[in-house]
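Novice: Before I ask anything, here is the structure I am working with.
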Amino acid sequence: MADPAAPAPAQAQAAAAPTPAAAPAAAAPPPAPATDSASGPSSDSGPEAGSQRLLFSHDLVSGRYRGSVHFGLVRLIHGEDSDSEGDDDGRGSSGCSEAGGAGHEEGRASPLRRGYVRVQWYPEGVKQHVKETKLKLEDRSVVPRDVVRHMRSTDSQCGTVIDVNIDCAVKLIGTNCIIYPVNSKDLQHIWPFMYGDYIAYDCWLGKVYDLKNQIILKLSNGARCSMNTEDGAKLYDVCPHVSDSGLFFDDSYGFYPGQVLIGPAKIFSSVQWLSGVKPVLSTKSKFRVVVEEVQVVELKVTWITKSFCPGGTDSVSPPPSIITQENLGRVKRLGCFDHAQRQLGERCLYVFPAKVEPAKIAWECPEKNCAQGEGSMAKKVKRLLKKQVVRIMSCTPDTQCPRDHSMEDPDKKGEARAGSEIGSASPEEQPDGSASPVEMQDEGSEELQETCEPLPPFLLKEGGDDGLHSAEQDADDEAADDTDDTSSVTSSASSTTSSQSGSGTGRKKSIPLSIKNLKRKHKRKKNKVTRDFKPGDRVAVEVVTTMTSADVMWQDGSVECNIRSNDLFPVHHLDNNEFCPGDFVVDKRVQSCPDPAVYGVVQSGDHVGRTCMVKWFKLRPSGDDVELIGEEEDVSVYDIADHPDFRFRTTDIVIRIGNTEDGALPKEDEPSVGQVARVDVSSKVEVVWADNSKTIILPQHLYNIESEIEESDYDSVEGSSSGASSDEWEDDSDSWETDNGLVDDEHPKIEELAAILPAEQPTAPEEDKGVVISEEAATAAIQGAVAMAAPVAGLMEKAGKDGPPKSFRELKEAIKILESLKNMTVEQLLTGSPTSPTVEPEKPTREKKFLDDIKKLQENLKKTLDNVAIAEEEKMEAVPDTERKEEKPEVQSPVKAEWPSETPVLCQQCGGRPGVTFTSAKGEVFSVLEFAPSNHSFKKIEFQPPEAKKFFSTVRKEMALLATSLPDGIMVKTFEDRMDLFSALIKGPTRTPYEDGLYLFDIQLPNIYPAVPPHFCYLSQCSGRLNPNLYDNGKVCVSLLGTWIGKGTERWTSKSSLLQVLISIQGLILVNEPYYNEAGFDSDRGLQEGYENSRCYNEMALIRVVQSMTQLVRRPPEVFEQEIRQHFSVGGWRLVNRIESWLETHAMQERAQVMPNGALKDSSSLEPMAAAELSDSGREEPEDVGMAPGEASQGSDSEGGAQGPASASRDHTEQTETAPDASAPPSVRPKRRRKSYRSFLPEKSGYPDIGFPLFPLSKGFIKSIRGVLTQFRAALLEAGMPESTEDK
């Protein structure tokens, strides 16, 4: 989809992030504005400037948009999942369409190209694809708990952000008054609660999924009333802002104190009058009102869990899901880290402190109507902050600020320009930059004279002889005609803490201006502007720029404070073996004591050496304290693991589950829900409770409910979870769900789907788009439709050569849409939210309506499938009967019955007699055994094919293919008594970390095979994963198996075969750099960070491979026992010797570095091998990162991989496309990928080419690998496999 269309160029507005002040008394000097070509990265961006990213999500950047400098937020970077962004991609650097209104996107999505980022420009919210080097980083967004590294340091260790300090430049909404600097801790949320907030209600933790709001309004006659936000939305803002119509603006929270609204009297017919004289509600009158306060009157909450509550009730029943206004006082919001979340475009409340000297105000002309052009604000703000500012004047509490101030001061350096010709010029006529800034300095307080009723302090006033008097005479029924510029600004910026009316007339409106008022504006055009205020006043502001500094605790235990965030870069893909000080760990070494009361606390870490200093603690029997065991120990990171229960990170939400510290008696009102503030190396956790009190508490007394929070976000609490069949396959790291390449549009998908279905299909009316529905129910319904429609994929492929008929094209589009809907969350699918345990009476009705619509969709699609299958049957080529029968619901339930009598005959027809072994052309074997082993993963699953003869016909073809086409390194066995079961053994490819290893799989063919893919189970032999796609719970992630949705030939169809899956596992999973198989990690290929992570992953993989092979030697599975022994009698010792040779090579290189004379000799002796490898593996060519993760993982350095012609051709295409960048200067080549990982090795390092990144070996790896090699040797000797002389 194209970028949202933007307003006219004159409307563009942005703000720069000021840098630290150069002089104490002056405003912070801003960074230099970008030039016409936009500034690229500075030359000092680090030693590896060309091998690390320039920008990350949420970065504040500046660049040229529509001819002027704008500021914006990076919303998406290449290789990042676009879940939250949908597919509203822009059009690259060419810009966006000029047509349409701001914030509306159009066109079709385009992929985010390498080297580009998606930027959302402020204030309109237009999204655009821009080249990274055309943007200037103004402020990097980091929050507590982020893992970061130094941008300008050779030190590669990472650290954890423990606190941030954000200085903001804020603009008073409705004006162009800029206040800087304002610390983010001094900004408050406008609304006390918002959607998605986590709250504590007595002992319960919940999440707000809906809320009911109201606004308190004050009329000019002093009357006050309360109005719900639905009616309030019918009023319009007298002082609108450009961002009100852009994507930075949230309609749900569009009201703020001090806002001036106007609307017809009929809207006030249903309000509740609180005080004052109720005005006459004339049909022709219009009321002008000031928002005095915004209130939440009702919360709807999904309850997550209950905490330890000694003084409370023992009931486990959650409170009512609806919290009414009288109980809101018992609700406490978890928001101790709100100050770290401020970003561009956010609206907040600012309370002026008692000491205001540090704050600076720069004021330019009042902001024009959002329909008028403003020019670019970025340069103006920079210039104002750099040159001169308006000095703040502090009024004493009893000093009243008059409404009229017309005194001229000849010493002022400029004129207050009150927006010439507001409302008279069209956007096209308004020139860019017409709203020039005011550069003036207030010389001090002046003798002021009250002319009328005083208004609240902190006013932006303009002189005028008649304007303010006319404001006094403003009646409600005349509000639409009064456009006094001054009083509008006064109202919008007035303090809600004052008891004054705050009413006034409009500075700018979307209604026509009278000639009288237009003349009045021109008359006051040159009047001076001042602003007075008093401490404690609250004003609504909008963040226009930020400057962030962070405190970081590094892995070595040191703490560095006030680091400019631009000098850091976030680490998104963190190795599981990276530990930080304060992490709780357990010992994985076999000789360690498995006492559950013993745990370790990381004191410091050596990132390069891959070791940690750990203190071991043991919980005392009393349970109220711990004792230190032994001395601090230097441990390899591969020998420890995260504690299964004690996982605490800053900002985690926790509940108290145990007694208080030191045996103190629990208080009845003791807080029990809070957030982690700090994890201490002393084995305790500091918690900020919901009442803002702090406690340092033992981890045994806390429970981290982050996992429950994630489940509550995705699962409905009304029904059961997604079912055992789903749960048993899901773990805490579902990284296998890689980018599927499908377009996941949001609401347009529903409309598109409705359009392609037959006319009789009922569709939900437009007003039902906001239905609230549990995601589980919606997902179950959609998955049902997809599961029912999926088998037709193979049917469609059998269409004639002339192309599929229209009915098939429509059906294919419907299936595609359903698949994309299946992968979307409910929040993406609908403008709603998860339901609570108890909902309002009308909610189940709307949910039922949605489910009924989905059910009708399923039924209609099923009818379409049936009709198409019948109508096109004669046009198809031998469509298998099983594909036409698979839609019958009764075939899904297994029925226990005897195997048909023709089974042995079928076995004989395919040569499947028990004990018969077939040797393929490449020397591998396929054999049929008599009985399936009892420990086969799928043996206990009852199976009865609906059409036995047809099913066995398919099996016969599979067996024939396996018997003749198995490649090197794959063995398969099936069983006479269960021909739906298979067992497979795959040898690890050479020049990969998996070489000389054996990897076993159990397989079952479903009853409707081949309409659906086979079931695979990996037989893991170690704790943890040795490959991103092979889980220790048995899950195998390959696109052909449907565990993630691939593209084209990567998807399973009725023509796919078991052999294809086995080859995919061998060639696309067991690769030389498995790290890049992780979802989204392939975008790191060619970056320094990616290389380091890949090397460390290979270290971990090698350790787990040796551990797995040790288990296989000691307890070989029955099916392949003979093959395993035969393999390891030779391959086992080959594996041992190869790793030992790597250890010796590393030791030699270490000695060579210590002795310079020897270094030259050692390096020169080994360098020719490295040079030869480099010439063989490719010439430092750009690499295609657009391939599927599995395909891209098999680099050119691997000889045993399965990088086919298709991959090679794509590589060649990518090289051609990126060739023009070769002549560009280094600063514009930050994302250039290199084919060979060896390019990251130190020059003339002399390390041999082993096919995958491993050198230099870390100290932790050497410690761990020696330990597991010792165990492997012992296992080989115990199994009667002594090392031969040839092996040595």
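Here the Cβ of each residue, glycine as well, is placed from N, Cα and C on the backbone.
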Novice: Between Thr835, Thr845, Thr1213, which does Swiss-Prot record as phosphothreonine?
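Specialist: That would be Thr835, per the phosphothreonine annotation in Swiss-Prot.
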Novice: Candidates are Ser317, Ser836; I want to know which one Swiss-Prot annotates as phosphoserine.
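Specialist: Of the listed residues, Swiss-Prot records phosphoserine for Ser836.
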Novice: Which stretch, out of 1-51, 205-255, 1021-1071, is listed as region 'Disordered' by Swiss-Prot?
Specialist: 1-51
Novice: Which one of Ser394, Ser604, Ser820, Ser901 shows up in Swiss-Prot with the note phosphoserine?
Specialist: Ser394
Novice: Test of record reading: of Ser84, Ser499, which one does Swiss-Prot tag as phosphoserine?
Specialist: Ser84
Novice: Quick one: which of Ser82, Ser315, Ser487, Ser495 has phosphoserine in Swiss-Prot?
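Specialist: Record annotation (Swiss-Prot, phosphoserine): Ser82.
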Novice: Among all protein chains shown, how many Cβ atoms are found within 10 Å of the Cβ of Cys1037 (active site, glycyl thioester intermediate), not counting that one?
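Specialist: Summing over all protein chains shown, Cys1037 (active site, glycyl thioester intermediate) has 26 other Cβ atoms within 10 Å.
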Novice: What average pLDDT is reported by the model for the coiled coil (809-879)?
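Specialist: 50, rounded to a whole number.
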